[in-house]
Amino acid sequence: MPGQGLSLRVATLLTGLLECLGFAGVLFGWASLVFVFKTEHYFEELCEPDAGPMGNVTGQADCKAQDESFSLIFTLGSFMNNFMTFPAGFIFDRFKTTVARLIAIFLYTSATLTIAFSSADSAPLLFLAMPMLTVGGILFLITNLQVGNLFGKHRSTIITLYNGAFDSSSAVFLVIKLLYERGISLRASFIFLSVCSAWHVGRTFLLMPRGHVPYPLPPNYSYGLCARNDTTEGEKNTAESEKLEMQSKEFHPAKEEALEPGKQPEPRSFWRYALSQRFACHLVWLSVIQLWHYLFIGTLNSLLTNLAGGDRALVSTYTNAFAITQFFGVLCAPWNGLLMDWLKQKYQKEAKGSSAVTVALSSAVPSLALTSLLCLGFALCASVPILPLQYVTFILQVISRSFLYGGNAAFLTLAFPSEHFGKLFGLVMALSAIVSLLQFPIFTFIKGPLQNDPLYVNVMLVLATVLTFVHPFTVYWECRQERSSLAAT
C-alpha cells in the first residue's frame, strides 16, 4: 500500500507538471501566435495602403489597426490573467477541486475549439477565446498547486516548480508556430489541444482529490484511485485553515514562515493594511514592472517587424528566440526564493533583539531591489532600437518576470498578517490588472501621434521603473529605524 500510494503521488506530481507546462500559461507566448494569425490574414482588412510623402501609394501596407487589434486581445487576456486570480481562488476554495477543474476544462476546451474553427472572417472571436483560455489556465494552476501538500518538506519546491512551469508554458505557441511552418494547420494544432481535454477529465477523477489536499497531510490520507472517502474528517478540519493559502501560491514560490508564533500582534483591520504606505508602495512596484512586461509581450511582433524592416524571416527567427527563452522560466523561478531563504537564515543568526517581522522584511529588500534592477536592464535594452540587442532583452525579461511574481507573493506573506494575506493578494493582483490595461492606449499612442516612434514612451516608462527602487528603499529604512530604536533602548 505505501508503494502504491507513493506511485500515485508521483503520477499526480508529474502529470500536474505536464499540465502546467503544456496548458496553464500559454497566453504569454502570444507573439508566436500573432505571427501565425498574420500569415492567416486575421484582421488584414484593417491594413491600408501606405501613402508615400508625395501622396503616392507605396507597396508597403500600413497595418497599424491590425496591430492594435492584436494588442487589444492580449490586453484583455493579460487583464483577465490577473483580475480573475481572486475569483478563481474563491471558486477553488468554495466548490473544491473537481468542480473547479471541470469549469477550467469547459473554458479551456471552448477557447481552443473557438480558435480552431475561427478564420480571417471570424477573427473577432479571438476577443472571446483568449480571455477564456486564460481563466481556464489559471484554474488549472490553482488546482495543481495543492499537489505540493502531498510531499511534506518538499512542498515549497514543488509549488515553485509549478509556477515556473506556468511561465514556461508560453513556449506552446512556439511549437504551434513551428508546426504551422512545417505544414500542420492552426486548426489541427488547436483541435489536438481540445482533444487533450479528455486527458484533463481523466486526471481530474483518477489522480486528483474531489475536495482539497490538506496540509499537514493526515495519516493514511487517500485520494483519486485509492480514495476510500475523499472528504475525510481530517481533510475537513484542515481544509478551512488552508482556504487562503492555496490561493496565495499562484504565481510564485511559497514562503511559509510569515510570523513566528511567539508574538501575537494586536488585531488590525484589513483596510488599515490595504491603505497603508507599505501596501501602496508595493502596488506601484508590481504595477509598473508588470506593465512593462505585458506591453513588451503584447507588442513584440510589431516591435520586431519595425526593427527588421518588415523581413518576415527575420521576425520569425527573433520570435522563436523569444519563445525559447520563455521556456527557461521554469529554471529561473526558484532562485528568488532561494535568495530570500538564505538571507532570512543569515539575518536570523545575526539578529540582536530584532523582531521576526523585521528580520523577514530585511531578507525581502535585496529581492525587491534585484527585481527592479533586472526590469530596468530589460527596459533599457528594449528601448534601444538595435535588433541583435533584443536577444539580451529576451534573457533579462524572462529572469525579471520569474523574479517578479515570487517576490510579490513573498513580500505580502512577510509584510502582512496571514489572516489578511488572501484578501491583500487578491486586491494587489486586481488593482495591478487595472493598471495593465494602460498597455493598449500606450500602444495606440505610439502607433498614432508618435508615428511608430516609442522613444518618448520608453523614456517615461524607464523613469517610472527607476521609481520602483523607492519600494525596497522604504522597506530598508523601516527595518533600519526599528533596529535603531531597539539599540537605543
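Numbering starts at 1 and runs along the chain as displayed.
Glycine too: its Cβ is placed from the backbone N, Cα and C atoms.
Features as listed in TrEMBL:
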TRANSMEM  12-37  transmembrane segment
TRANSMEM  70-92  transmembrane segment
TRANSMEM  99-119  transmembrane segment
TRANSMEM  125-147  transmembrane segment
TRANSMEM  159-180  transmembrane segment
TRANSMEM  279-297  transmembrane segment
TRANSMEM  317-338  transmembrane segment
TRANSMEM  359-388  transmembrane segment
TRANSMEM  394-417  transmembrane segment
TRANSMEM  424-443  transmembrane segment
TRANSMEM  455-477  transmembrane segment
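Only pairs six or more apart in sequence are counted, and the transmembrane segment (159-180) with the transmembrane segment (279-297) gives fewer than three Cβ pairs under 8 Å, not enough to call it a contact. Comparison of 12-37, 394-417, 424-443, 455-477 by number of C-beta pairs under 8 angstroms to the transmembrane segment (279-297) places 424-443 first. Long-range contacts of the transmembrane segment (359-388) within the same chain, counting only residues at least 6 positions beyond its ends with a Cβ under 8 Å from a Cβ of the stretch, are 257-259, 285, 289, 292-293, 296, 303-304, 306-308, 314, 318, 336, 339-341, 343-344, 346-348, 351, 396-397, 399-400, 403-404, 406-407, 410-411, 414-415, 454-455, 458-459, 461-462, 465-466, 468-469, 471-472, 475-476, 478-479. Below 8 A, the CB atoms of the transmembrane segment (317-338) and the transmembrane segment (70-92) form no more than two pairs separated by six or more positions in the chain, fewer than 3 in all. Here the transmembrane segment (70-92) has Cβ contacts under 8 Å with residues 27, 30, 34, 37, 43, 99-100, 103, 126-127, 130-131, 133-135, 137-139, 142-143, 244, 246-247, 250, 290, 294, 297-299, 301-302, 422, 425-427, 429-430, 432-434, 436-437, 439-440, 443-444 of the same chain, all six or more residues outside its ends.
For the transmembrane segment (12-37), the residues of the chain that approach it from at least six positions outside its boundaries are 43, 70, 74, 77-78, 81, 108, 123, 126, 130, 133-134, 137-138, 140-141, 144, 147, 150-151, 158, 161-162, 165-174, 176-177, 180, 186, 193, 196, 200, 203, 207-208, 224, 297-298, 300-301, 304, 315-316, 319-320, 322-323, 326, 330, judged by C-beta separation under 8 angstroms.
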